[in-house]
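One structure below.
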Amino acid sequence: QLQNKILILTICAAGIGGTFQYGYNISIINAPASYIQVFMNTTWLERMGVPLESNMVLLLWSFTVSAYPLGGLTGAVVAGPMAIMLGRKMSLLLNNVFVIIAAALSGCSRMAKSFEMIMLSRFFTGVNAGVSMNIQPMYLAESAPKKLRGAVALTSASFTALGLVLGQVVGLRELLGGEESWPFLLASNVVPALIQLTALPWFPESPRYLLIDRGDKESCISALQKLRGTSDLSAELEEMLAEQAAVKGQRAKNPWELFQNPALRWQLVSIVVLSSAMQLCGNDSMYFYAAYVFQEAGIPEDKIPYVVIGTGSCELITSVTCNMIIDYAGRRPLLLGGYIFMAGWAIVFMVALSQQTQISWMPYLSMACIFAYILSFGIGPAGVTGVLPTEVFDQMSRPAAYMICGSLLWFNLFLVGTAFPFIVKSLAHFCYIPFLVVCVCTALYVWFFLPETKGKSFLEISEEFRKRNFKTKTRGGFYKGPEEIKTTTL
């Protein structure tokens, strides 16, 4: 049981300062939005002697909000070189510096009478989230035994959902969401960073990184012994040495080299499709609609924040459930089921929205759709998408693959955040049509093109993709002679 203890503690130490921060920092900005906008206006009035126009306040607020995905994009780009040069664990530890800077800036912003400090703080918070979203799943999947790889890597999604819920709870008026305490709310992300800086140094580096990237077999064996709690590592070490031999003489690849390599064609297409779909499927936009739908359902305005916590809790419950079943059910069924259900709920949601004022019970159906949509997202796409780059790319291509994944994730988050208000304006109740199309197309892609990776070694997965990438060449490439004649029946 000791092996499970060390592995579980490693997961917790990596998660609390890793993807937890992504979810936490997305949700803590919502509660003090109106107070920060008042602070911007007051600060401008003190500086210039004239108040800001309402559209200028809105513009400054949108800059503050968009600083987060911009920082995330920067973090995703620097995560690859960090993972290669510093290692997985050291990158996660160093990443906390960005959050500490961010917390200092936002915590002192009101005292310094500077709303620019909040914008800068959100940028640094984004950088931290961008790095951790890439490196944490890589670190955990490389440290996990084959039979638990999916479940261990998927904890990244569980920590994101946990961060989301805790951010919603801490942002309540009774805690840190009040007018006087919002700088402390924005600076509260320093607590998980300090926990990680205290805990993570006690746990080992990724064994695969130590052996394949560093060529340090002794440290690799020592890390494996700590993580597995046993000295019988011959089978796993043999598998890793075969991986090392397969990439011998190669150096870590750059993102553009992945696009040029025909042996990585389908792996790249798969992660591009799935990473883009994760943000373009409309899950985050459901949170945008939540308050309006709950209001229409007759929930008092002061009680809505508590109901919104229920939406975050849905994502947390399903990602934990997904954790338990991913290594039994497999990756494909969870992705496929998630996107098919989301497509179905999107249709029901649009019908319910269009009939909201005509039929008395429609607001309740809309409310059910919000919860069902978030549940469908949490059971598959939310977690499985982050696991796949580790499984379908070899050690030398993996950091570059995560850079591409992360960049797409943050760019699309920014795109949806910017475009969604305009989509709502032009399509009104049918604003979920673009998301419906994305869900259907992604489900079709998973059905026809994505192989199952459950319970396979990294080399077996690479071999499966190699066959797929060179299918057309091998089909008529060489003569198999009698082998083919044997199968002919008269």
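Just so you know, glycine gets a Cβ as well, placed from its N, Cα and C.
Bear in mind that TrEMBL entries carry predicted annotations, made automatically and left uncurated.
Listed in TrEMBL for this protein:
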type	residues	note
TRANSMEM	7-24	transmembrane segment
DOMAIN	11-454	domain 'Major facilitator superfamily (MFS) profile'
TRANSMEM	58-80	transmembrane segment
TRANSMEM	92-112	transmembrane segment
TRANSMEM	118-139	transmembrane segment
TRANSMEM	151-170	transmembrane segment
TRANSMEM	182-203	transmembrane segment
TRANSMEM	334-353	transmembrane segment
TRANSMEM	365-388	transmembrane segment
TRANSMEM	400-424	transmembrane segment
TRANSMEM	430-450	transmembrane segment
| task | Compare 58-80, 151-170, 182-203 by their Cβ pairs under 8 Å to the transmembrane segment (7-24) and return the stretch that comes out on top. | result | 151-170
| query | What same-chain residues lie close to the transmembrane segment (182-203): Cβ under 8 Å, and 6 or more beyond its ends? | reply | 6, 9-10, 12-14, 16-18, 20-21, 24-25, 28-29, 31-32, 35-36, 89, 92-93, 96, 99-100, 102-104, 106-111, 118, 121, 125, 128, 163, 170-171, 176, 226
| query | By a Cβ-Cβ criterion of under 8 Å, what residues six or more beyond either terminus of the transmembrane segment (400-424) are in contact with it? | reply | 65-66, 69-70, 72-73, 75-77, 79-80, 83, 126, 130, 133-135, 137-138, 252-255, 257-258, 267-268, 271-272, 275-276, 278-280, 282, 284-285, 288, 389, 392-393, 431, 434
| Contact check, the transmembrane segment (334-353) vs the transmembrane segment (365-388), 3+ Cβ pairs under 8 Å, seq sep 6+ | yes
| message | Using Cβ atoms and a strict cutoff of less than 8 Å, what residues sit near the transmembrane segment (118-139) while being 6 or more residues removed from its termini? | response | 14-15, 17-19, 21-22, 25, 29, 36, 63-65, 67-80, 82-83, 88-89, 91-92, 95-96, 98-99, 101-103, 105-106, 109, 153, 156, 159, 186, 189, 193, 206, 386-387, 389-390, 398-399, 402-403, 405-406, 409-410
| message | As a test of reading the model: what is the averaged pLDDT for the domain 'Major facilitator superfamily (MFS) profile' (11-454)? | response | 88
